[in-house]
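Report on one structure; see the data block that follows.
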Amino acid sequence: MSAAAGAAQAAEHHDMLHMVEMDLNFWNIPLFTEYDKYWHIMGLSISPRTMIMTWITMALVLLFAWACTKNQNVRSPGKAQATFEVLWEFLGGQVFSNLGNKLGAAMMPIIVTFFIYIVFANLLGLIPTLSSPTADKNTTFGLALIVVLLIHYHGLKANGVGGHIGHYFQPFKPFVVIHLIEEIARPVTLAFRLYGNIFAGEVLIAVLLGLININAYVFGGFIPSVIWLAFSVFVGFVQAFVFSMLTIAYVSQFAAHEADHH
């Protein structure tokens, strides 16, 4: 396939998905269907769609946190509090077993926040005409950059400058090349893994919902859409868990000696 033919096919698919989004736009908000609209601020191109979805996600996270803590009761916790306690204990088992008590206590709030934010961000795209912030690679690269900063911060704190730099020369000095390649690949793979799974899920959901819209009848569009929506909910949780666990593993790799003292 030539480059021109590939571009034409991509444009055709884009137009089809755009048409589906327009037909499903029961919010009647033009901004939610303008894929190509950007804000240009100080030389930067900013997607208002992604920004608004990010604000909505943050609001949902804050609302969830408020619901979990508004009526704290040790003896008879509410449903939101009980859900959060189960989540905290589950993730806490992973954090403290890999990072130890001291580093685990420092990382625990960050890991839980990562998980909750990514879950809400992933699931937001399952609502027709809305989109997941994590379906934008700029968001996932931003999250990956935070992980990289955490890795080096805790690595320097645990091992000092000399020990942290010396990590790149282990077990032999020539391995520094491999470690540097790994350093570049780590945030790239972390970002694209999350972005690719969520973006692909959104595209397929739009296609399946489009089948309903073009009179494919109940068994032609509705049932596959419901099945894929259920699977997408599962994928949304799994990808949040994978991102959180990889963050734990990467921090543990650079601050390993703290994990030995739990």
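Glycine is treated like the rest: Cβ placed from N, Cα and C.
Feature annotations, courtesy of Swiss-Prot:
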- 50-70: transmembrane segment (TRANSMEM)
- 107-127: transmembrane segment (TRANSMEM)
- 141-161: transmembrane segment (TRANSMEM)
- 194-214: transmembrane segment (TRANSMEM)
- 218-238: transmembrane segment (TRANSMEM)
- 239-259: transmembrane segment (TRANSMEM)
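Sequence-distant contacts of the transmembrane segment (239-259) (same chain, at least 6 residues past either end, Cβ-Cβ under 8 Å): 91, 94-95, 98-100, 102-103, 107, 110-111, 114-116, 118-119, 122, 134, 143, 147, 150-152, 154-155, 157-159, 164, 167, 186, 190, 193-194, 197-198. Away from its own ends, the transmembrane segment (107-127) comes close to residues 53-54, 56-58, 60-61, 64, 87-88, 91-92, 94-96, 99, 133-135, 139, 143, 150, 154, 194, 198, 201-202, 205, 229, 232-233, 235-237, 239-241, 243-244, 247-248, 251 of its chain (Cβ-Cβ under 8 Å, at least six residues beyond either end).
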